[in-house]
Amino acid sequence: MVKSTMSAVLLVLHIFVLHLQYSEVQSLANTSSHDFSYLSFVYDATDPELEGSYDYIIVGGGTAGCPLAATLSANYSVLVLERGSLPTEYPNLLISDGFVYNLQQEDDGKTPVERFVSEDGIDNVRGRVLGGTSMINAGVYVRANTSFFNQTGIEWDMDLVNQTYEWVEDTIVFEPDSQTWQTVIGTAYLEAGILPNNGFSVDHLAGTRLTGSTFDNNGTRHASDELLNKGDPNNLRVAVQAAVEKIIFSSNTSGVTAIGVIYTDSNGTTHQAFVRGEGEVILSAGPIGSPQLLLLSGVGPESYLTSLNISVVASHPYVGQYIYDNPRNFINILPPNPIEASTVTVLGITSDFYQCSISSLPFDTPPFSFFPTTSYPLPNQTFAHIVNKVPGPLSHGTVTLNSSSDVRVGPNVKFNYYSNLTDLSHCVSGMKKLGEVLSTDALEPYKVEDLPGIDGFNILGIPLPENQTDDAAFETFCRESVASYWHYHGGCLVGKVLDDGFRVTGINALRVVDGSTFPSTPASHPQGFYLMLGRYMGIQILQERSASEDAIRNLGFQENILDSPKSTSSFAF
């Protein structure tokens, strides 16, 4: 009784303190319906009108691809080729309650959530819809850790970075209302020593805080597709159900140059689109799609490509190498009384681990990849899923082709979870802290028996080790309960495949701008960084083109070059 009373007091204090701190926030978006104004320039890939030449072709209309396209369209013609369909075809994508449903929906080859199982035996998913993973994720929004920028090997314009974040945030990011379970878990984090209390912030900060969300307070999802509305509709075309099969290259004395792409529509008909003049092909197909497409196009390890009878365009030993996935370990508690469903809005952040939680209604069908395998026991009542994420990580694996000719056949992916013992150590630290979280007064009312410490909960799945000092037992727990956090990244790293301008080294007019480019997760959730990256790189490219054209004018070549079709913003077919 005393502990329950103390929990209530802590809860009231927590809400009061956070309320005082939430008022000091930057300008965010206002609650509204999902804005599909961009549909006026969306085409099905079967439309022959799409074939022609553009200043930029972007492969992938996902988290980074949409803001990149919108930005480039300010001055140039842009074609976005998205392999998935429109989100309007799947209404559950657009509501917070649909997060679990979308994982439950059977993969028919077209659904927005594409299923795969890594060679580690862990279930996982990819986005296959306009908006990419920003259309299927849990909606968490946070800016990158400031230390992340220093580790990338890139000289960032931090003023531009911050302006770019704001460009994203005033359209699709919201300050979430305090949900009951999220407030409770936040109180537990503070009580367990994940300090300080940072109130509301979209910055990556050590401690406990309420973070931004791409779900508004009516439960409507806002994703990267809405950033297309900021583009110039006269310069922008988006093709859906367009599976890019290969990059087209030309070769001459100036080297190998990307000049276009081959893509197929939903009927299997082949099409081509080209870039003109100083234009580029930009891959934004993600950590699995971008290395896969490079390999299929003959850019990768020479001996590997030769063994598959793929003509080598450029020898690149690190394409498909160094892919990482942040391990997710967790505890599920089944409380004695029903709790409301909630998405992640409260985070507990330390240098060794990141923690969060969702609460959910019962499952009648396994949500694919929510648990490590489909054989995992299902909750028959409301439950809380309390999660630990290992930052980094340091363990890494590979993307290799499952088909040497068909992009629709997903590649083989192996992440080698916990092969690096530092990752395992961070998991042990995080799960021990989760034990402290379970032992707080804040979670006492969620026990089914009045027992001390971590005992007394109705646990679904593997319980924490009883002995909080037994590192070996925790290591076993980490290995046996690991699931994907869905935050996999790498495969086309800056410094190995790309230069600091995200150009594929040794090839002209080809860049990669997406989650395949860095070896570590930028924050507790990567979505905010990659939304920013698309816009940021769009501005960088515009600035490069502007400087180049100014130089050409100064050399007296304006009439011959600047007035040629490549530099106009109209479409040419």
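The backbone N, Cα and C atoms fix where each Cβ goes, glycine too.
Some features that Swiss-Prot has for this protein:
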type     : residues                                                        : note
ACT_SITE : H487                                                            : active site, proton donor
ACT_SITE : H525                                                            : active site, proton acceptor
BINDING  : 63-64, 82-83, V129, T133, 137-140, V244, 486-487, G515, 526-527 : FAD binding site
BINDING  : C356, Y485                                                      : substrate binding site
DISULFID : C427-C478                                                       : disulfide bond
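Where Swiss-Prot records a feature, it is marked here on the structure.
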residue: E82; record: FAD binding site; DSSP (3 states): strand
residue: V129; record: FAD binding site; DSSP (3 states): strand
residue: G139; record: FAD binding site; DSSP (3 states): coil
residue: V244; record: FAD binding site; DSSP (3 states): strand
residue: C356; record: substrate binding site; DSSP (3 states): strand
residue: C427; record: disulfide bond; DSSP (3 states): helix
residue: C478; record: disulfide bond; DSSP (3 states): helix
residue: Y485; record: substrate binding site; DSSP (3 states): coil
residue: P526; record: FAD binding site; DSSP (3 states): coil
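Neighbour density at the Cβ, taken as the number of other Cβ atoms within 10 Å, is lowest among the binding-site residues T63, N137 for N137. Of all the recorded positions listed here (C356, C427, C478, Y485), Y485 has the Cα closest to the Cα of P526 (FAD binding site). Spacing of E82 (FAD binding site) relative to Y485 (substrate binding site) is 24 Å (Cα to Cα, whole number). Shown in sequence order, D325, N326, K389, T521, H525, P526 are the residues of the chain, 6+ apart in sequence, with a C-beta less than 8 angstroms from the C-beta of H487 (active site, proton donor). Taking CA atoms as the reference points, V244 (FAD binding site) and C427 (disulfide bond) are 38 Å apart.
Local packing around the Cβ, expressed as the count of other Cβ atoms within 10 angstroms, is greatest for V129 among the binding-site residues V129, V244. Here the recorded positions are G139, C356, C427, Y485, and the one whose Cβ sees the fewest other Cβ atoms within 10 Å is Y485. Put simply, N137 (FAD binding site) is 11 Å from Y485 (substrate binding site) when counted between their Cα atoms. A sphere of 10 angstroms centred on the C-beta of E82 (FAD binding site) encloses 30 other C-beta atoms. Sequence-distant contacts (6 or more apart, same chain, Cβ under 8 Å) of C478 (disulfide bond) comprise P327, N329, Y418, L424, C427, V428, M431. Neighbour density for the residue listed as 'active site, proton acceptor': within 10 A of its CB lie 27 other CB atoms from the protein chains shown. Rounded to a whole value, the Cα-Cα separation of G139 (FAD binding site) and C356 (substrate binding site) is 13 Å.
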